[in-house]
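Heads up: the structure comes next, in structure tokens.
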């Protein structure tokens with residue numbers, strides 16, 4: 001793709017957002033502001049509300065209470081500017097790679113699809129079937145499918161969780177480089193704290209349906225694996241997660 005930015009990043013504002021499932025409170029009056037173009041990672045224990053937050057932003061769920069805004073506009077009104085990637089690339093096996101990238105598009109989209117594939121290093125695989133691709137290559141196709149829509153907001157729900165270590169690092173670098181080039185806003189949900197710290201400007205820890213930790217990652221890019229500062233920030237987040245886990249264990253024993 002060319003070096004022009006695809007779109008201006010979407011600014012996000014969540015005001016007192018709650019999400020309940022019957023008696024289960026997953027998000028509890030959560031307040032959050034994400035400036036346009038920021039890369040944010042969300043971590044936390046399973047069941048803490050990370051994926052629910054992503055689903056609200058993707059328009060797959062509606063909040064029980066509160067407002068989800070893109071600046072001053074309800075995010076639901078500009079949902080076409082939002083794209084989401086999952087751990088499973090969700091490619092249609094009966095369609096070629098390029099047809100998966102252009103899925104749902106009308107008109108003359110093939111040139112744009114080829115540019116999107118070139119941006120993720122798969123320009124020579126356009127005519128192949130998904131079955132011929134590795135797991136990492138399938139995720140590159142999913143990323144190209146997101147890029148062709150010129151997103152203002154890219155939501156990543158553990159998209160690298162099933163990849164081997166080396167492929168995962170390559171995909172991390174690719175996502176960060178495309179974000180730097182095009183300026184969209186990114187929200188990454190991950191269980192991997194080292195991944196969160198390595199990729200994001202900011203790491204959020206969700207606890208009891210609210211933001212329990214909001215950590216700025218003030219490390220210049222490109223970031224070097226093995227950096228002492230990266231290790232310190234990772235340890236800070238992990239310590240907070242573990243403290244919370246120990247508190248919950250004590251409460252269960254007392255109960």
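Cβ from N, Cα, C; glycine included.
Taken verbatim from Swiss-Prot:
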DOMAIN    12-233  domain 'ABC transporter'
BINDING   44, 45, 46, 47, 48, 49, 50, 51  ATP binding site
Cβ-based neighbourhood (8 Å from the centroid) of the ATP site, residues 44, 45, 46, 47, 48, 49, 50, 51 excluded: 52, 206
Cβ-based isolation winner (fewest other Cβ atoms within 10 Å) among the binding-site residues 46, 51: 46
Sparsest-packed of the listed binding-site residues (44, 47, 48, 49) - C-beta count within 10 angstroms: 47
Candidates 45, 50: member of the binding-site residues with the richest Cβ shell (10 Å): 50
Mean of pLDDT values spanning the domain 'ABC transporter' (12-233): 94
